[in-house]
Amino acid sequence: MCGNNMSAPLPAIVPAARKATAAVIFLHGLGDTGHGWAEAFAGIRSAHIKYICPHAPVMPVTLNMNMAMPSWFDIIGLSPDSLEDETGIKQAAENVKALIDQEVKNGIPSNRIILGGFSQGGALSLYTALTTQQKLAGVTALSCWLPLRASFPQGPIGGVNRDISILQCHGDLDPLVPLMFGSLTAEKLKTLVNPANVTFRTYAGMMHSSCQQEMMDIKQFIDKLLPPVD
């Protein structure tokens, strides 16, 4: 099982300031934890939204000479033709779907949940949104790619998220996941879901990281899709 069973500490959470009627589930990148992203969301929070930043389980990562680190699934390489950890990706997606189910049980409908992530976490958020039967409000995918892209149809996906809103962000100087992968991913996404709902934003001078303007764009995207209901 390579430890991919969410046997990780409980998520970092930014609770809603009043009754939570919407949620953002955001998945960190390779080797990171949810804490830094929880802090970032605390800086752009809206009162009725709960922000959930889970921590990946620790596992050996092929890309990093089998060193053990927090990782949602194994990464073998970062080029478009690298082998992919299909079993690990699918298992990780099931774990994210279980997190979404948990929020639904807590009283937040899935169509009031935005899934997002950075780098490896962004890749997992895209894969999960495109394969789940849970209708989601949107995806915010940062500095990432679509994993197992050959497993998707040539035309639009079936299922509940055909019209999902996707905000994809990428730095134009990203040395790890080059901008080209991001733009190829955006083009692929436009064939899988309603292309009018896919937004691809690039940030001048940004490397494999985030920036203030990107966080403001994310806030605008979240607040538009998850307005207060009361």
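Even glycines carry a Cβ here, placed using N, Cα and C.
Here is what Swiss-Prot says about this protein:
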type	residues	note
ACT_SITE	Ser119	active site, charge relay system
ACT_SITE	Asp174	active site, charge relay system
ACT_SITE	His208	active site, charge relay system
MOD_RES	Lys224	N6-acetyllysine
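Mapped onto this structure are the features recorded in Swiss-Prot.
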| residue | record | DSSP class |
| --- | --- | --- |
| Ser119 | active site, charge relay system | coil |
| Asp174 | active site, charge relay system | coil |
| His208 | active site, charge relay system | coil |
| Lys224 | N6-acetyllysine | helix |
Minimum Cα separation from Asp174 (active site, charge relay system), reported as the residue among recorded positions Ser119, His208, Lys224 that achieves it: His208
Residues that sit under 8 angstroms from the residue listed as 'N6-acetyllysine' by C-beta distance, when 6+ apart in the chain: none
Between His208 (active site, charge relay system) and Ser119 (active site, charge relay system), the C-alpha gap once rounded to whole angstrom: 8
